[in-house]
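Asker: Supplied in structure tokens, the structure appears directly below.
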Amino acid sequence: MGDEPPSLEYIQAKDLFPPRELVKEEEKLQVPFPVLPGEGVEYLGSANDAVIAISNYRLHIKFKDSVVNVPLRMIEAVESRDMFQLQIICKDSKVVRCHFSTFKQCQEWLKRLSRATLRPAKQEDLFAFAYHAWCQGVCTDEEEPLIHLCRPGDHVKSRFQIELKRMGFDLQNAWRVSEINNNYKLCQSYPQKLLVPVWITDKELENVATFRSWKRIPVVVYRHTRTGAVIARCSQPEISWWGWRNADDEYLVTSIAKACALNPAVRMPNGNPSNKGNNDGSDNSDTDFDSSLTACPVEGGGVPQKLLIVDARSYTAAVANRAKGGGCECEEYYPNCEVAFMGMANIHSIRNSFQYLRAVCNQVPDPGNWLSALESTKWLQHLSAMLKAATVVASAVDREERPVLVHCSDGWDRTPQIVSLAKILLDPYYRTLEGFQVLVETDWLDYGHKFADRCGHQENREDQNEQCPVFLQWLDCIHQLLFQFPCHFEFNHAFLVKLVQHTYSCLYGTFLANNLCEREMRNIYKRTCSVWSLLRTGNKIFHNLLYMPGSDLVLHPVCHVRALQLWTAVYLPATSPCTPMDDRMEMYLTPASQGPQFHARSLVRLPKTRSMDNLLTACDSGGLLTRTSSDPNLNNHQGNLESCSSSKEGNETEICDIQQQALSIEPKEEDGNDSKSTDHENEDSGSATNQNNNEQNALNNILSIAKPDSIQCKRDRFKSVLEKSSVIPVPSNEGTITDDNSHSNGTSEHLPVPALVTNGSVQNKSCVDVSKAMKLSTELSRTDKKPVFQTQRDEFSFCTSNWDSLPGMMRSVPICEVGLRRPLSYDCSTRSQHSRNGRHTMKLTGNLPASFHCSGPFTKRCRCVMACHTKQVQGSRFLPLACPSPAPLIYQDDDGLPIPSDVVQQRLRQMEASYKQEVDLLRRQVWELQLQLEIRQYCAPPSEPEADYEDDFTCVKESDGSDMDDLYSDKSEDRLSEASWEPVDKKETEVTRWVPDHMASHCFNCDCEFWLAKRRHHCRNCGNVFCAACCHLKLPIPDQQLYDPVLVCNTCYDHIQVSRARELMSQQLKKPLTAASS
């Protein structure tokens, strides 16, 4: 028995969703898109000039100049037109047409699509469950943030208690939280906790539930902090033709107004409202009163305002509902109440109007009577009616300070439309990304909007009469508000477009099932991802750059039809979903989404007006580059470049372009992973000048594209440093730098060091200029310092200059570092050689002219900086240009769908990018000035009493032919000895003061905003607050009495490394002098 295998087998959640077998029509076809976790392509074939694929998540059609990406659950119907045409009708009003060469092929794909878009037999057939299971299955310890981001934030999880506190409900004297609906025993379409007046008992609530349709009793959902008025919601009363009444229902409705009088907004002397309610005390949620008379409101607590009952229907429709057992309130039965009818259409009229709108928007060719056809759909008229109803509610609460009760027939379609829209008009919190999530979760999900029936993804139901774009219509109204008030919403139009897509996509479980009870019974929240993981606050794609935080303005929109706009981004067909957006959005995408290198497709789509003259001819001849309409893609000419490259004997290392400027070496293209080089000894002296001109003109074109004219002068000043930067050549046999700490046999890499080159020859210049160029290449050492998860790619700012610090990405560098970093993006490798004493040495390529040497008071500083960069660049690793695996398509977001384009936001990001580049340029200039002051302070003789140092050192000049003779000449000895007296820095006597956490909302370096997944980190050296990407390195700081490695930012890390290298070099310089004196 003990030898038998165990009867239990442990499986992962993803094993419940095995991948399906791929059916290819042609073997040469490849899947044209990167699949999501859990996604499997089932069919792959060809259409007329297109590749078509069907997975368990989407329909993908790749045309020559465009791409169609449609989730399967967004497809409403599939039809065959004209024998060879397939027409896909989507639920967001779009229509996709695909042509096939044969009738048989068209019918075959019609059957495949029809089977793929059938109603699910069970909820596990929805892709949201497979997606979440595979996200868990592929997650490792390093990718833990992926699962963390699948969940909504704490503001969504604890929204009820947070909202009660934020809105200032007095839970002691006016309101109470009733748990009568615990386990949904009273009403399945309501949440478990309900807010009612404090004196209303649970028994009375049960009696009221028998009188309201679907037991949806009047409950309070919002309180305006400035006026104290509240908004309540419910369903219609069941009066019927018999005229039934319910005393408890009438008492509950009038009690809402009385409770508002007991919990008013107290005006402070400065005019700001203050809530006197005690929110921290215990509530009366579990109190069971025998009679409401014992807890009636205190007389004199304030005169209650007249309550406004807003009926979303017309008066005719409300009276007609009495034949079905419904009806409306009579003002005679409800004292101190007023009834207003809004005249909004029911779901059947909205569905017909939407179908007419879809037909008009997809007419081919473009109709000549477009405006009259659009008017005949009455879609804009329905939006106008909704906005008017919400404005009535907002005006009553804000201006008249009256409580409002909103209902329609059942209370889950037009009621959430009016209530949530009014809350957005009243409360600026709901116009933020965080508040909007709370609003949708509360008014739409908690209070039972039937998303499964209205969106058409409820299993085993084919009732078309239940489908209606109710939520889409409400989002259209939000779009109208965003159009009229572009500065009062934290999110942009792309946010709303994404929300429309995932209302129907079934990629996330947020909008599955009909109510909260069904979601908990089916465990949907734990088995699916949340849509707010994509639309979270930290995602800069959906941030409105025009947003003005801190404004408490109540919005009063213009509701006339002539003031409304058709939502073209959703309703009109996209002629080319990828091409128009890529050219504008490429520079704003997150780095990880662009892949490690430029995708060949994106290079082909580069606008030719941004290209140069014939790049290949210019590089060979050294002529000036002029901006014309040449081919922007050099990959097509790779063969020509390789044929032009030459090689000689020897296994020399490949040298980059800036090194070639000093060494007069012709460029050579990489071939696989081989490392070869060419040495041309007989080059004319003008070759470096020509290449310098090429570099300068290429820099000019890059700057003209990326930078505005407002900072042209700053760019020119900074570019002057780049013109002088190249490589310091060192003798191959003697000019070596020994690394005492290196004991491995691995290969090291060539060190490109900036120097001063003029007309192809190295000149004697001040080391201050060398230090300037050094600063430009210092950032190279940061390449391997900032690891980042690919799942966090949307957390980075789009336009910051810190993209270059992310490993494995394309080298998208700041404009002021193009001249130095471009050559280093190649795979520059070096050989590790053994010296005579057995230590590893790093050999610098090139020969040192006899005329070059560092002399003067800056000699020590220059050598220290060189040593520092030697140590830093040696540990760096650069990726080759050729990427072995294809990069993901850059127009896709994390959900596999296109990124919505917004021209206004793109222009604002360009302005933001220019501003950040200007700030970055000014910071670098300040750093240079500080560096120059530090050099002067370091090299200046200390102010101390005169002393005779002639007997301390004996200067013996050896004549062994070494190039180091001039360094230890008599003229430089005195300056070196004087420079050994290093003055005490003022910072060494001070204690670093930390910036408090509450004062830092953004990273001090990359300016990214802190939130739940991007936490604050203090640098122990400077005390500033950084994100994890900018502050994750550790070093001991003896100056701060911190002898164990502690957390420091990248800037301090570089500064400390430079200081240590300077000290080490100072000690190395003293050893020859001491040996000579002995």
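Note that Cβ sites are derived from N, Cα and C of the backbone, with glycine treated the same way.
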Asker: Between 776-798, 822-844, 960-982, I'd like to know which one Swiss-Prot lists as region 'Disordered'.
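Answerer: My reading of Swiss-Prot: the region 'Disordered' range is 960-982.
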Asker: Looking at 200-231, 456-487, 904-935, 1032-1063, I want to know which stretch Swiss-Prot calls coiled coil.
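Answerer: Matching range for coiled coil: 904-935.
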Asker: With a 10 Å radius around each C-beta, find which of these binding-site residues (C1003, C1019, C1022, C1027) has the fewest other C-beta atoms nearby.
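Answerer: Taking C1003, C1019, C1022, C1027 as the binding-site residues, the minimal 10 Å Cβ count falls on C1022.
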Asker: Taking Cα atoms as reference points, rank the recorded positions C408, C1027, C1030 by distance from C1052 (Zn(2+) 2 binding site) and give the first.
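Answerer: Result: the closest of the recorded positions to C1052 (Zn(2+) 2 binding site) is C1030.
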Asker: Looking at the zinc finger (997-1057) alone, can you tell me the average pLDDT?
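Answerer: Within the zinc finger (997-1057), the model's average pLDDT equals 86.
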Asker: Can you tell me how far the Cα of C1006 (Zn(2+) 1 binding site) sits from the Cα of C1049 (Zn(2+) 2 binding site), in Å?
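Answerer: C1049 (Zn(2+) 2 binding site) has its Cα 11 Å from the Cα of C1006 (Zn(2+) 1 binding site).
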Asker: In the zinc finger (997-1057), how many residues does DSSP put in helix, strand and coil?
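Answerer: Helix (H, G, I), strand (E, B), coil: 14 helix, 20 strand, 27 coil.
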Asker: Helix, strand or coil for C408 (active site, phosphocysteine intermediate)? Use DSSP.
Answerer: coil
Asker: Can you tell me how far the Cα of C1049 (Zn(2+) 2 binding site) sits from the Cα of C1030 (Zn(2+) 1 binding site), in Å?
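Answerer: Approximately 6 Å lies between the Cα of C1049 (Zn(2+) 2 binding site) and that of C1030 (Zn(2+) 1 binding site).
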Asker: For C1003 (Zn(2+) 1 binding site), identify the closest of the recorded positions C408, C1019, C1022, judging by Cα separation.
Answerer: C1019
Asker: Give me the non-local Cβ neighbours of C408 (active site, phosphocysteine intermediate): same chain, 6+ apart in sequence, Cβ-Cβ under 8 Å, ordered along the sequence.
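Answerer: Long-range Cβ contacts: S235, Q236, D311, A312, R313, M344, R414, T415.
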